[in-house]
Amino acid sequence: MGRDGLGTAGLGSSGMGPAGLPPRSTAMLWVWLLLGSSWGPGPPGVGAVPRPTATYVLDDGGGLGRQFDGIGAVSGGGATSRLLVNYQEPYRSQILDYLFKPNFGASLHILKVEIGGDGQSTDGTEPSHMHYENDENYFRGYEWWLMKEAKKRNPQIKLIGLPWTFPAWIGKGENWPYDYPHVTAYYIISWILGAKQYHDLDIDYIGIWNERAFNSKYIKLLRYTLDKHGLQQVRIIASDRLWEPISFVLLLDSELHDVVDVIGAHYPGTKTVPNALLTQKKLWSSEDYSTFNDEVGAGCWARILNQNYVNGNMTSTIAWNLVASYYEDLPFGRCGLMTAQEPWSGHYKVEAPIWITAHTTQFTQPGWSYLQVDGHLEGGGSFVALTDGLGNLTIIIETMTHNHSQCIRPPLPHFNVSPQRATFYLRGSFYLVKTLQVWYSRLDFESANSILFKQLHPLDVWRGSFSIDLDVDEVYTLTTLKTGQKCSCPEPPPPQPFPSNYKDDFNIRNPPFSEAPNFADQTGVFEYFINGSDPGDHVFTLRQVVVQRPITWVSDADQTISIIGNFRWVNLTVTCDIYIEKQDDGGVFIAGRVDNGGIYVRRTKGVFFWVYADGTYRVTGDLAGEEVLMKGLSGVRASAWHTLTLNIQGASASGLLNGYPLWENVTISKPSNGWAAIGTRSFEFAQFDNFHVEAS
């Protein structure tokens, strides 16, 4: 049939030639020979050159391959879902449906979340459930909410927790979480128990330390502590880095081998290593993709979803990240399966990777098994076949070309893919299959007219075989299941820039989340705070609460900072009430034209207006405070409210204190644009109120 949905998708082939075909098929064969047309779901190929043909056998008679563990995505690592929570209904629920609702969109099997540790973990910080040793709060951040929303839509979804950073008290002054393994294990177990006690969430898997060193003693202690607390069902993944040295160590240490359930590698390039196979453990690509979510990103995702198993025996692939719900100009902008970065407008975009995901997730489930097949197509590309053991069969085929499927990492060796015909012979319990449902995608890299997850007419299987013509950059799902669905939700609102006149007085007694909307913390954590000691206008404030440098994952700044707004802003006025809590050497700032964040936060430039508890002020061109543009006396003291105003127009900046000019005519050469921001001189308590930014 043609891709317009007319006709029959594919013709059965018994492999017996014309004499072995029923009369209708014999007649159609001669038509095909006369016209030179192709069989299969491809377009009519009048005058087409015959394609090279290869045959593939799908048989469960000799046993099955590895058990399939599911396809998932990461929220966190870090703050990648930050803006999602601020969407208004119905748009927020629509986004969540596209991600988690079965037979709807991505229909994910696994959700992996960051266990917030107060440190920078790629695109922001996520708050810890224990900022301090005597502090526990299981309502901070948004990962609890996200896990509940996922479970609400799919009660069978698997949940994984993994730390990137840890609060400082874990290391007792050292930037290392393993010196006191009992403390670290207690901290992680508290998170798991809190998930159950406060949110009725059962965590299925727990990781060690994202992309950093593992410690065998700690892993064994973690298993012991899990069991001691009745958490035998929680499985351990190690080490969320590379295949080695964890695989080698597991082969040497039988006790460690007994407590690690899954070897998780990041960005494995679809390959594994001999030692990992020798462990006989489950092998996962526990973080992968991380690629801009256009058609090339979709091609990357399609290729690795198949080839991680075909080449590397990996039975789960987990994308970083779930949804690009952070400011796009932070590092790795739009590297999510879909994009939702405008809560102020309600706009979001269901990107191509969502529908590439659906090709696998809507027609398989964790617990299914792969068939024992090679999986490489002779003309390039790959296929996998899975069964539930109850007669159902799903085949996913991808023919992604090299230049249209490059992931962000690792480098992709060159390969060729060409149009081809594939003939499949169904044997064993699949011989009786008569019809397969067909879902089809073609990624278009020239006219942006990609076909995404389109249902075609069913494909007839004749005497246990069928043929299908494959072009390049296509994905097919052929399945006995009839449950697939492509949602036809209403279009979201059109995109709009961040409001040019934005205010927040933080006056909310019972906020739904611990962080104020649209503020994206880049070092430190800024939380809603009830200031019981203030009888006046500043009862409800925003407070920076991290007072010791966390055990870091990257190079956090020495100052705390939270950004907000439109990266394209040039001329703007920022006003905010500030309250320094740290005596003597405390300090706070407001800023504009802030040009960096995420893993690059230490190199952030902008226009920073600082006031300090010793009564001085500074204007600097960087967050580190090394490029001093102006300095002097302000009269500001700790434990008192003051109002700061920063005005940036063209190449000039000026500042007001409590409504009166403090400095002016400071020349600004760069950066030329950026976000607004607030922050502190060090890891210290400080409060902010009545934030207002007006940009032109």
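Cβ from N, Cα, C; glycine included.
Note: TrEMBL annotation is automatic and uncurated.
What you see is a predicted model, and the numbers here were worked out from it, not measured in a lab.
With a cut-off of 8 Å between CB atoms and residues at least 6 apart in sequence, the same chain places Asp240, Arg241, His266, Trp553 near Glu211 (active site, proton donor/acceptor), listed in sequence order. Sequence annotations record features per position, and here TrEMBL assigns active site, proton donor/acceptor to Glu211.
Around Glu287 (active site, nucleophile), the C-beta neighbours below 8 angstroms that are at least 6 residues distant in the chain are Val74, Gly77, Lys112, Asn210, Asp240, Gly264, His266, Tyr267, Ile318, Ala319, Trp320. What TrEMBL lists as active site, nucleophile is Glu287.
Per TrEMBL, the feature domain 'Glycosyl hydrolase family 59 catalytic' maps to 68-362. Across all of the domain 'Glycosyl hydrolase family 59 catalytic' (68-362), the predicted model scores a mean pLDDT of 98.
Under the heading domain 'Glycosyl hydrolase family 59 central', TrEMBL lists 370-485.
Summarising the annotation, TrEMBL assigns domain 'Glycosyl hydrolase family 59 C-terminal lectin' to 521-695.
Helix, strand and coil content of the domain 'Glycosyl hydrolase family 59 central' (370-485), in residues and according to DSSP, is 8 helix, 53 strand, 55 coil.
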